[in-house]
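Participant: Okay, here's the structure, questions in a sec.
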Amino acid sequence: MATEKHYSPTHIEDEKVLPHDHIETAPQHIDPEALHSTKKHGANTQLDDAARLLAEAGGHVDYTAADSKRVLRKIDLFVCLPMCLVYFIQQLDKSSVSYSAVFGLQKEAGLVGTQYSWLSSIVYIAQLICQPLSSYALIVFPVKYWVMFNMISWSIVTIVTCVGKNFTGLLICRLFLGIFEATILPSFILITQMWWLRREQSYRTIAYQIANSFAAIFGPLLSYAIGKATESSNVIKPYQGIFLFMGAFSLALVPLVWWLLPNSPTTAKFLRHGNDRLIAIDRLKENNTGTKASKFKWSQVWETYRDPKTYMWAGMWFCAACPSGGIGAFGGLITKGFGFDTFTTILMQIPTGAIGITALLLSIWITNRIKMRWPVLAVIVLFPIAGAVSLTQVNHKKVGGLMASYYVAYLFSAIQPLLISWCNLNAAGTTKRVVTTATMFGALTIGNVIGPQVYLTREQPYYHTGLYVDIGCWCVEFILVVSMGFYLRYLNKKQEARRIALGLPANLKDISIMPTAEADAYKLELEQMMANAGVNRDLLNENAFDDMTDWENPMFMYVL
């Protein structure tokens, strides 16, 4: 039998975190002192901000299930709602170039060759370049102020885009749009991890992704109205009106978002009544991921890039983004090629938003029923493959068949949100979460850069090369999703062995992804199990706020 080792952040840091393949044979007795070693030796001096508040309150908070639900409703109002608003208006601003293309942007601005493609790609090139700075800013600056600065900036840039009358002017505006929008998705992933239990995170992630789909419904309607209002104007062109209105609308919503959005659970003003702040923090212990620590840890950066999951996630995000970037930019032009006039083409984009919303709601309902993400995501990926294959094969005189194929292919819009919510659940440690997100976002932006470039102007309106590339990406996506599902199952077995090494029961279940009623029942069962074993049940979450990574914390459970 191997020599027993006490588990603590100090011990882990000294050994540079052993990979999962180096787990020692477990001692079969319970050692509560091993679980207390963090506090006994004062090992972790850079505690999560939330841990400090709990320590000041004596380390224990009494509250009922009704109190928890009441606080959750507040969090949804003051955190989720502004996130949905920001994501909605960001998508409107970013999609303005696609709507403008239907109204003759290329002709009015004298765009030739691949210049229109570059107006889409440059946004993501800017995001890729600015991602390291943005990720660092998320750790050292209050997240609210960083988000608001960028929101105001991209709104102004969208307004200014209306004066761009040639490729150079439009390209510069789109470059700055990408710079200021670079932070939004990484910020929202971090905010989601800071505020909600893992069983709650999927619904909140899907909520702001659904706001994206609502933008796909209202964007065409707004563009249609703007186009009608400006089509006979001698002062402003329809494409200019679209940029002007979308930017002004975004800027008008800034005060509301500023008033609602907080920085973190430890400072939010809406939690200042009674024990609300402590309840909001204490309920997050089950995640074993912490909320936010303000110190950038290079050890967690190193761990991120030794973790095979990082590269698998990156591959999946790239394969989701490449088709999204292509069809997102050229979807209107594809459908216009079916023979529709300008205004009908715009209206035909509206169902794509409804398709995205329906697919997301149904998918997240199923994933929470079966408590696994990968099977649902794998099935979803098959639909756009079928739709894109049909688009390359259906006779272009059969408009009904073409539109049906296009709408089936548009189920790709559910892939990225489901991927984001899944990835969110499988990393811990503030720096590791941020760096993981930055890496994923880097893969996402590279995919979005390449996506429009494979839609060749000389192939319009069929764009077969672009569709074939998209089909290939989705096939690789399917393989990676299935592989990740089996790999996470393997890692959970390794985590189980680590818990046994601490003398904890082997058959622990992940409370953080259970429905509330099931979680409450299991907590009672677990308390009895731990009492029979002579271990305090609270020790399971002893290191929940110590800013430990999923490699460091044996209580962390991966979500399949």
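Every residue, even glycine, has its Cβ placed from backbone N, Cα and C.
So TrEMBL says this about it:
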TRANSMEM  145-163  transmembrane segment
TRANSMEM  175-196  transmembrane segment
TRANSMEM  208-227  transmembrane segment
TRANSMEM  239-261  transmembrane segment
TRANSMEM  346-367  transmembrane segment
TRANSMEM  374-392  transmembrane segment
TRANSMEM  404-422  transmembrane segment
TRANSMEM  434-455  transmembrane segment
TRANSMEM  467-488  transmembrane segment
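Are these features on the surface or tucked inside, and what are their neighbours?
Facilitator: A Cβ distance under 8 Å defines the sequence-distant neighbours of the transmembrane segment (145-163), meaning residues of its chain 6+ beyond its ends; these are 86, 89-90, 93, 96, 137-138, 169-170, 173-174, 176-177, 180-184, 187, 236, 240-241, 243-244, 246-248, 250-251, 254, 257-258, 261, 263.
Only residues 6 or more beyond the boundaries of the transmembrane segment (374-392), in the same chain, are considered here, and those with a CB under 8 A from a CB of the stretch are 323, 334, 359, 363, 366-367, 401-402, 404-412, 414-415, 418-419, 422, 462, 464, 467-468, 470-471, 474-475, 477-478, 481-482, 484-485, 488, 560.
Residues 185, 189, 201-202, 205-206, 209, 212-213, 216, 313, 316-317, 320-321, 323-324, 327, 331, 334-335, 351-352, 355-356, 359-360, 363-364, 367, 373-374, 376-377, 380-381, 383-384, 386-388, 390-391, 394, 444, 470, 474, 477, 559 of the same chain sit 6 or more residues outside the transmembrane segment (404-422) yet have a Cβ under 8 Å from a Cβ within it.
Tertiary proximity for the transmembrane segment (434-455) is limited to same-chain residues at least six positions away from its ends with a CB under 8 Å from its CB atoms, namely 114, 117-118, 120-121, 123-125, 127-128, 131-132, 134-135, 138-139, 182, 185-186, 189-190, 300-301, 304-305, 310, 313-315, 317-330, 416, 423, 427, 463, 465-466, 469-470, 473.
Cβ atoms under 8 Å from those of the transmembrane segment (467-488) belong to residues 308-309, 312-313, 315-316, 318-320, 322-323, 326-327, 372-375, 377-378, 381-382, 384-385, 388-389, 391-392, 412, 415, 426, 447, 451, 454, 558-560 of the same chain, restricted to positions at least 6 beyond its ends.
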Participant: Let me spell it out: take the transmembrane segment (346-367), skip the flanking residues so only those 6+ beyond its ends count, and list any with a Cβ under 8 Å from a Cβ in it.
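Facilitator: Distant contacts of the transmembrane segment (346-367): 99, 102, 202-203, 206, 209-210, 212-221, 223-224, 227, 331-332, 335, 340, 373, 376-377, 380, 403, 407, 410-411, 413-414, 417-418, 421.
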Participant: Hey, which bits of the same chain come close to the transmembrane segment (239-261), Cβ under 8 Å, at least six residues off its ends?
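Facilitator: Same-chain contacts beyond the flanks: 77-79, 81-83, 85-86, 89-90, 92-93, 96, 99-100, 103-105, 108-109, 144, 147-148, 151-152, 154-163, 222-223, 226-227, 229-230, 233.
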